[in-house]
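Features reported for this protein in TrEMBL:
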- 9-27: transmembrane segment (TRANSMEM)
- 33-54: transmembrane segment (TRANSMEM)
- 33-290: domain 'Sugar phosphate transporter' (DOMAIN)
- 66-89: transmembrane segment (TRANSMEM)
- 188-205: transmembrane segment (TRANSMEM)
- 217-238: transmembrane segment (TRANSMEM)
- 250-267: transmembrane segment (TRANSMEM)
- 273-292: transmembrane segment (TRANSMEM)
- 300-339: region 'Disordered' (REGION)
- 328-339: compositional bias 'Basic and acidic residues' (COMPBIAS)
Amino acid sequence: MLHPNLPKISGSSICFLFLYLAIWTGLNLKIFLAFTATTLTGFHFSMTALIGLVSNATGNSTRKKVPLWELLWFSVVANTSITGMNLSLMLNSVGFYQISKLSMIPVVCVMEWILHSKHYSDKVKISVLVVVVGVGVCTVTDVKVNAQGFICACVAVLSTSLQQISIGSLQKKYSIGSFELLSQTAPIQALSLLLFGPFVDYYLTGKLLASYKFSSAAFFFILLSCSLAVFCNISQYLCIGRFSATSFQVLGHMKTVCVLILGWLLFDSELTLKNILGMAIAILGMVVYSWAVEADKQTESKVSPLPKEASEENVELLKQQQQSDGSPLKDVELGKSQP
């Protein structure tokens, strides 16, 4: 069974996608989205940065120190991911774009093994393979690729995988919450995307943002999309921080399944037997993945429990050392000072 918090975390992303589709389709803003995708992402991170600034100013969140070079490095990787994905989608077919997204799960697993010496059990590996096959069956259609598109796809997959792994490692390294980290990375990403995004979009489409004729309705719904993107960004950082980059990838494909189903229910999208079969396989893989992860956690807790005698002995040694130093005793277990 999937973790009970996963639907809550992914709900904002799914709502974001469908409201997005309704907004762009209903108001004919698809043209705007088509040639300003990177710049629009800069607007989204600008709103996220503003929310973080207000939250820090009002005391609703704390600001923990993260070295500037770490934030700059992360922002470069994250923006490379965004640009690479846009280039991959523009230069390749939708089918190959979906294949590149599916490849992120094994790439994340390999990179976590290289960077953090993380190992996966055979049960987890098999479940991940089932998820990839299922989503591939229900989403991949035509596959066309060229040299430029292949290079962009490789860069996108590597940078996206590294970005998602870095979200979790930075949170653990500096003991910082998901929103606190996002509020520090968002301003840097927003500034860089707003500066360089228009040039990337012009390279992709040959059109400038200034050529779009804005209306009051367009401004309103662009602002609405920026507000929804805040929740989408928070859900990504929260999921990776709470679980892992691999779990986030699996959850992302659960979002794909939900989008296909809701698209059929709400927008009369075609749903074939191939789609249904692929979704069923993918859901089975997700359920098995959740079970495998929980089983591995229970196995690890049974294999290497902390002996009670050793724990008590360490506490006693610590108390003796504090007494010899003349410092007040502190109960290690209760966190209280003792006379």
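The backbone N, Cα and C atoms fix where each Cβ goes, glycine too.
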Stretch with greatest number of CB pairs under 8 Å, the transmembrane segment (188-205) reference, 33-54, 66-89, 217-238, 250-267, 273-292 candidates: 33-54
Stretch of maximal Cβ-Cβ contact with the transmembrane segment (217-238) [cut-off: under 8 Å; candidates 33-54, 66-89, 250-267]: 33-54
Positions on the same chain near the transmembrane segment (33-54), where near means CB under 8 A and six or more residues out: 24, 61, 82-83, 86, 179, 182-184, 186-187, 189-190, 192-194, 196-198, 200-201, 204-207, 209, 212, 222, 225-227, 229-230, 233-234
Averaged pLDDT score, the domain 'Sugar phosphate transporter' (33-290): 84
